[in-house]
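Below is one structure, written out as structure tokens; the observations come after it.
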Amino acid sequence: MRLLAGWLCLSLASVWLARRMWTLRSPLSRSLYVNMTSGPGGPAAAAGGGKDTHQWYVCNREKLCESLQSVFVQSYLDQGTQIFLNNSIEKSGWLFIQLYHSFVSSVFSLFMSRTSINGLLGRGSMFVFSPDQFQRLLRINPDWKTHRLLDLGAGDGEVTKIMSPHFEEIYATELSETMIWQLQKKKYRVLGINEWQNTGFQYDVISCLNLLDRCDQPLTLLKDIRSVLEPTQGRVILALVLPFHPYVENVGGKWEKPSEILEIKGQNWEEQVNSLPEVFRKAGFVVEAFTRLPYLCEGDMYNDYYVLDDAVFVLRPV
């Protein structure tokens, strides 16, 4: 037992020391690490670090249908987004931390999903919008406040934290036990997957951020959201990665097609956006505003950060 305790203390001390002394900013150390871990089965290259950030926000309005042209909100790289990027770049350079994460992920992926592993390690935080971008999209001021927020599929709660100053009560749902643990540490009220629809009260804002392409019944989910949203002033803020590639993650990192398929058509971002108002109409919503934003994730030893193209909508019930 003493030997085990000593080994654990030594491991923790090594991690702490590595965090302070080692980074992958050095070309030599990064090359050494990649050579140690790369191979035919290594991860594919991501978009982090090399893409012109201006392109993350570009929308060709001429390709949008008329009803969407008038509600498009142009977004830009702002201070809140830049802070997230800077922090992610710094974390990706912690050599021994990244080695430790890689080892744990390899072992735990045999019986845990990638999402749960990230929750256990406290890594892989997502970024959808900054406080300023959230306020501009909802057309609210920094002091605006209402009663209840429900964040569906909240992950580790970092995006929830950006919205939380505007709400008196904050509810969240999450499948991953380790992510639920992260949410509870932030003092959010976690509801069960089949509980949030049956609480007996309504929500003023419901966020559904990058969830529709990762759930088994996305249209049913939209209709359930409509049924518990405050019917006059309630709003939904919904983010969706485009191009649309739906799949459901199971234990062990296996992927399956969802049982409900949304009719999203088109080959590029604008074309797929044009097909979404009809999807929302079937669930009882109309688009009040939307924008294009990068969906960012903290990086690792391979990339400073990861990025996908998001369409973020504000929906009102009809």
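Placed from the backbone N, Cα and C atoms, the Cβ positions cover glycine too.
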In Swiss-Prot, S-adenosyl-L-homocysteine binding by Glu174, Asn210 extends, among Tyr247, Tyr295, Tyr302, Tyr305, to Tyr295
Per Swiss-Prot, the N-linked glycosylation site among Asn35, Asn86 is Asn35
If you rank the binding-site residues Glu174, Asn210, Tyr295 by how many other Cβ atoms lie within 10 Å of their Cβ, the lowest count goes to Asn210
